[in-house]
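Residues or ranges marked as active site, charge relay system in Swiss-Prot: 116, 213, 243.
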C-alpha cells in the first residue's frame, strides 16, 4: 500500500502477520543522475528512525541510487509495536519482510547499509537474502560487549529472573526479559556467533569503524573480517568520530561522503572508495530533513486520528 504524499519521499505500508504494519520509505534516484545497478536498503541503528537518515538518502539519491528505508516492528518510528517488545529476531523478521516486499516490486538487485545494532541483524540475515553487497557503519560485532558499554552493565550475564523490567537505552525502555531471552536462545550475543554468521560470506563487504567508538572494539571488527573466507572485504576508519555519527556536522558529512563512495565503488564491483561523488548543498539537506520530519508527524497524526 502506498500513501499519497506531497513530499519527494514516498511512504509505503507492508502488512505482515498479526495485522502489523511496516512503514517503508522510498527515495527515487535524482533525475539525470548516473545509472546504478543496485538499489540501497538502509537499516537504521537502534532507537533511530527512517528520518534520521534523510541526509544520507539525499546523498545516495543525488548519486543515482534508489534508496529504501524502513522502521522495524516494535521499535521507534512508524511501524507497529512498541520498543519494550523489541528483540533481535523481530529486527531480522522486519528486514526479511522488507526484502520480500521488494521482490514483489521486481527490485531484486540491492546492496545493504546497516549501522550500529542493525548491523548485527544484517550479519545474521545475509544467508537468507540475495544482497549484492554489504556496508556497515559502527556495526555491533559483539552484542554483549556493545550493550554493556551502552547500558553501563552486562545484563546478559544475569539470570533471566534477576533482570530488571526495563533497560534504559537513550531514554527508551527496552523490555529486559524478552530481549535477553531472545539473545540467549537464538545466539545473538557474542563475537563467536557473529563470526559463525559471516564466515562463508561471499559478497563484497565494507565495514566502517570510528576511531573514538567506545561501543565497538575495532580489533573485534578486524577479527570478524579475518575469519571471512572471502577476500572481498575491507575495513575503513571514520577518523574523529565516536559511535554517534551525527555528533557534529563535520563527522556527519564524512559519514555521508564515505558511505556514498563505498556504495558507488561496490556497485561497480570495487572495494577502493577513492571515487568522485556529487554532494547536495547544505540547504538541500536541511530542506529534505525538515520535510521528512513533517511527513513523519503527519503520518503519526493520521494514525492517531484513525485509532
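Glycine is treated like the rest: Cβ placed from N, Cα and C.
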Cβ neighbour count (within 10 Å, all chains shown) around residue 213 (active site, charge relay system): 21
Cβ neighbour count within 10 Å of residue 243 (active site, charge relay system): 21
Cβ neighbour count within 10 Å of residue 116 (active site, charge relay system): 25
Distance [Cα-Cα, Å, rounded] between residue 213 (active site, charge relay system) and residue 116 (active site, charge relay system): 11
